[in-house]
Ligand SMILES: Cc1ncc(COP(=O)(O)O)c(C=O)c1O
């Protein structure tokens with residue numbers, strides 16, 4: 001059965017349950033408000049089912065007190081949304097949400113010594129061990145997003161007035177994490193090709209030491225940045241950081257979960273990944289891994305003493321505020337993990353797919369690629385100012401014509417109105433879909449008389 005229909009039926013059945021449950025406590029009878037509302041919603045749900053079955057209209061369901069359209073992006077569309085691609089759930093993760101979506105669905109299994117990463121059944125402890133191994137690190141913890149990983153590290157290493165180094169292409173959450181610890185950021189500039197090199201990292205460190213008289217306390221480097229998804233010299237930069245004895249945080253938001261990442265080989269002290277961005281997991285989720293040396297600090301347990309009425313919280317980790325991902329996000333990470341491990345072995349295929357698509361897009365005269373080229377990542381920034389955007393000048397929908405043409409062809413994820421510089425990702429799409437995408441760009445170009453080289 002179409003998943004949308006199945007879900008709508010489930011909502012209909014839930015509505016019946018609600019009617020039953022509240023039969024006692026709500027005024028009933030055909031004119032009672034609650035009864036009228038339930039009837040109205042039931043009618044909408046039934047109409048939604050018949051709309052889907054007859055293939056007319058976009059189904060919209062008004063959930064109780066809220067407006068919640070059925071989300072059918074992955075089932076009904078080819079989704080090229082750049083940041084959704086690798087966070088899309090696996091079927092196992094979807095099942096896990098149904099089974100473990102309830103509040104505290106992990107904590108009801110928590111036994112002595114009372115910490116999330118120590119729960120053996122279900123195998124949360126084992127998952128932590130495997131995560132660390134997968135990343136080539138000694139210890140790992142799940143966190144609510146990469147940003148919480150940054151925060152745990154900055155909160156451990158940075159004190160008021162300390163300096164941390166990031167780059168001109170670093171994600172804003174690194175800046176906020178440092179600010180949260182009352183530190184200051186100095187940026188390594190990207191070169192003219194939008195790449196962060198080891199030489200410029202060394203120069204920035206030298207400059208900070210010379211001008212400010214102190215050695216930075218942390219260096220954070222994004223393996224692939226969020227703007228271009230260009231690859232930066234993480235190996236070289238890690239070497240430089242070692243020379244100056246500065247701990248290195250490797251931001252793998254766009255790498256952990258899609259390509260092989262070995263923190264030890266890179267020379268990272270901390271590896272951070274984003275579950276919802278690159279590990280086929282529900283938001284918010286992520287991972288913070290550390291070498292054993294740094295694990296002792298960043299995963300330190302509470303030392304609280306004093307007026308705490310004879311209570312001790314000894315095993316709880318301060319930076320994790322005891323426990324982190326307790327339910328659905330954790331179980332989606334766990335359920336997707338075997339698939340994630342497997343898919344990292346096929347990263348080359350993903351590069352071949354994006355390269356194929358871009359070759360076809362570049363044949364549309366005026367289109368350029370703003371990211372480094374040839375590509376090393378499936379996420380790419382393109383510039384269609386001199387191709388698709390030229391149409392928007394005269395089209396009655398202006399720039400929105402483009403996303404609308406894409407949507408008509410069953411393609412979602414192009415930012416509505418964007419026709420100049422925009423990002424897309426082919427990550428995880430089948431070859432069939434990638435070819436269809438390329439044909440669709442051609443079709444739109446030809447429809448509007450843009451020149452396409454054959
Ligand atoms: C490069 C990069 N790092 C970190 C983050 C933050 O990740 P999260 O949402 O998992 O906290 C993002 C999110 O967009 C990102 O693009």
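Yeah, the Cβs are placed from backbone N, Cα and C, and that goes for glycine too.
Note that this is a predicted model, so its numbers are computed, not measured.
Among the features that TrEMBL reports, pyridoxal 5'-phosphate binding site is placed at 146, 147, 251, 274, 275, 276. In sequence order, 87, 142, 145, 257, 281, 282, 283, 284, 285, 286, 287, 329, 332, 333 are the residues near residue 275 (pyridoxal 5'-phosphate binding site), counting only same-chain partners six or more apart with C-beta under 8 A.
The annotation N6-(pyridoxal phosphate)lysine is assigned in TrEMBL to 277. Of all Cβ atoms in the shown protein chains, 27 besides its own fall within 10 Å of the Cβ of residue 277 (N6-(pyridoxal phosphate)lysine). In the three-state DSSP classification, residue 277 (N6-(pyridoxal phosphate)lysine) falls within a helix.
Checking the binding-site residues 146, 251, 275 for a CB within less than 6 Å of any atom of ligand 1 leaves 146, 251, listed in sequence order. Between the CA atoms of residue 146 (pyridoxal 5'-phosphate binding site) and residue 277 (N6-(pyridoxal phosphate)lysine) there is a gap of 9 Å, rounded to the nearest whole number. Of the listed binding-site residues, namely 147, 276, the sparsest CB environment within 10 A is found at 147.
Of the chain residues outside the pyridoxal 5'-phosphate site list 146, 147, 251, 274, 275, 276, 143, 145, 149, 253, 272, 273, 277, 278, 284, 285, 286, 287 have their Cβ within 8 Å of the site's Cβ mean position.
Within 10 Å of the C-beta atom of residue 274 (pyridoxal 5'-phosphate binding site) sit 30 other C-beta atoms, taking all shown protein chains into account. Non-local contacts of residue 251 (pyridoxal 5'-phosphate binding site) by the CB criterion (under 8 A, 6+ apart in sequence, same chain) comprise 146, 150, 170, 171, 174, 220, 221, 222, 223, 272.
The DSSP secondary structure for residue 251 (pyridoxal 5'-phosphate binding site) is strand.
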